[in-house]
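S.K.: According to Swiss-Prot:
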- D246, D257, E423: Mn(2+) 2 binding site (BINDING)
- D257, H339, E384, E423: Mn(2+) 1 binding site (BINDING)
Amino acid sequence: MESLAALYKNHIVTLQERTRDVLARFKLDALLIHSGELFNVFLDDHPYPFKVNPQFKAWVPVTQVPNCWLLVDGVNKPKLWFYLPVDYWHNVEPLPTSFWTEEVEVVALPKADGIGSQLPAARGNIGYIGPVPERALQLDIAASNINPKGVIDYLHYYRAYKTDYELACMREAQKMAVSGHRAAEEAFRSGMSEFDINLAYLTATGHRDTDVPYSNIVALNEHAAVLHYTKLDHQAPSEMRSFLLDAGAEYNGYAADLTRTWSAKSDNDYAHLVKDVNDEQLALIATMKAGVSYVDYHIQFHQRIAKLLRKHQIITDMSEEAMVENDLTGPFMPHGIGHPLGLQVHDVAGFMQDDSGTHLAAPSKYPYLRCTRVLQPRMVLTIEPGIYFIESLLAPWREGPFSKHFNWQKIEALKPFGGIRIEDNVVIHENGVENMTRDLKLA
């Protein structure tokens, strides 16, 4: 494999091309991209954890340093002002020298408010991309050039097409997340609490809670029915029945987002359902290819859900087609089949149909689907089907003409297990699909 430095060099070439195109389209001279700033907790002097501007880390793998600035014009070497204060209260990151610094001009910025004296005097035609509009106004950036929608839409649209450098980073993030999942399963099997399982995961991935790309979902038993459960009980339940782990990792700013579900016992109805969801997930991925709408795969999986509901006698005396048509699969899988993945976990532009930002909403029947794009090579997406037993979604079906088709006794027996989700991260290629997760032998 090419070195990361060589891949990064080509990555910058691609970003420079996109920059030239977007500047010409919107008649701008350059983009000033701000890493962001620290924001204090209300009525306190402690800041919230820093989260870098994703458009900034698209260019440079600097994810922990606020008050940095990047000036790009698509022609000259990108110029990075790296915040380097004299500060004995806090850790100060040294001026970077790494695989990427040959491609970027790196200059120390000793004072956060010193950027004004470093920029070109004429700034009326510079676009600001960042989270602090008032800072841009102070720098005499025109209000119309602060996060201009057309520029943002263009940049977001092309972020769907990962460079080889980005794919290499995402494969590294996968390795870290897979290590975490293996450690977490072992912790679950040894009877640990959600809190302690989370610690085992973080230790294995080398992350702290503020480093992971999203809050880990560490859900034992019925907690697996809460789609974004992040509470972390300190006490292990008296009986371990099930474990759903939705947790990722980050490498050079790029995310992994994996989910696995385990049954404490290997021979009960729940364990068999977990195996079948896993098998159907793999079967769907095997059918994926460029040129097909992501929506189609979501709809196809509802047909697979119907097959499982029928096989496991959760829904009875109804055809699979009728289940999907009447949305009886909906309460069992209330979320989308997945989402774009990259610099952000729910990566941008999932609904954009072109680089002008044309929006295609999710089908009204499936409003929580996060992507309606036609799959193309270099796109990275999650495939994360699930089956859950969520009372608030099942309750409306307890009355009415379809109630008789629900095997309520079976559902009540499965509710203490919460639910099931299996999630892999896949890359679309010209001639097939790369499953980054399964390539690392994560069962």
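Glycine residues also receive a Cβ, built from the backbone N, Cα and C atoms like all the rest.
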S.K.: Over all shown protein chains, what is the count of other CB atoms within 10 A of the CB belonging to E423 (Mn(2+) 2 binding site)?
M.R.: 21
S.K.: Would you list the other residues of this chain near Mn(2+) 2 - those whose C-beta lies within 8 angstroms of the C-beta centroid of D246, D257, E423 - in sequence order?
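M.R.: After dropping the recorded site residues, what remains is I217, A247, G248, L258, T259, T382, E384, R421.
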S.K.: Let me know the DSSP-derived helix, strand or coil state of D246 (Mn(2+) 2 binding site), please.
M.R.: strand
S.K.: For the recorded Mn(2+) 1 site, enumerate neighbouring residues of the same chain (Cβ within 8 Å of the Cβ centroid of D257, H339, E384, E423, site residues themselves excluded), in sequence order.
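M.R.: Here the nearby residues are D246, L258, T259, G338, L341, V345, T382, I383, D424, N425.
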S.K.: Which secondary structure state does DSSP assign to E423 (Mn(2+) 2 binding site), in the simple three-class scheme?
M.R.: strand
S.K.: Quick check for the class: what is the C-alpha distance, in angstrom and rounded, between D257 (Mn(2+) 2 binding site) and H339 (Mn(2+) 1 binding site)?
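M.R.: Counting only the Cα atoms, the answer is 10 Å.
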S.K.: Between E384 (Mn(2+) 1 binding site) and D246 (Mn(2+) 2 binding site), what C-alpha distance do you get in Å?
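M.R.: A Cα-Cα distance of 10 Å.
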S.K.: Return the count of C-beta atoms lying within 10 angstroms of the C-beta of E384 (Mn(2+) 1 binding site), excluding that atom itself.
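M.R.: For E384 (Mn(2+) 1 binding site), the count of other Cβ atoms within 10 Å is 22.
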S.K.: If you draw a 10 Å sphere on the Cβ of D257 (Mn(2+) 2 binding site), how many other Cβ atoms land inside?
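M.R.: There are 26 such Cβ atoms around D257 (Mn(2+) 2 binding site).
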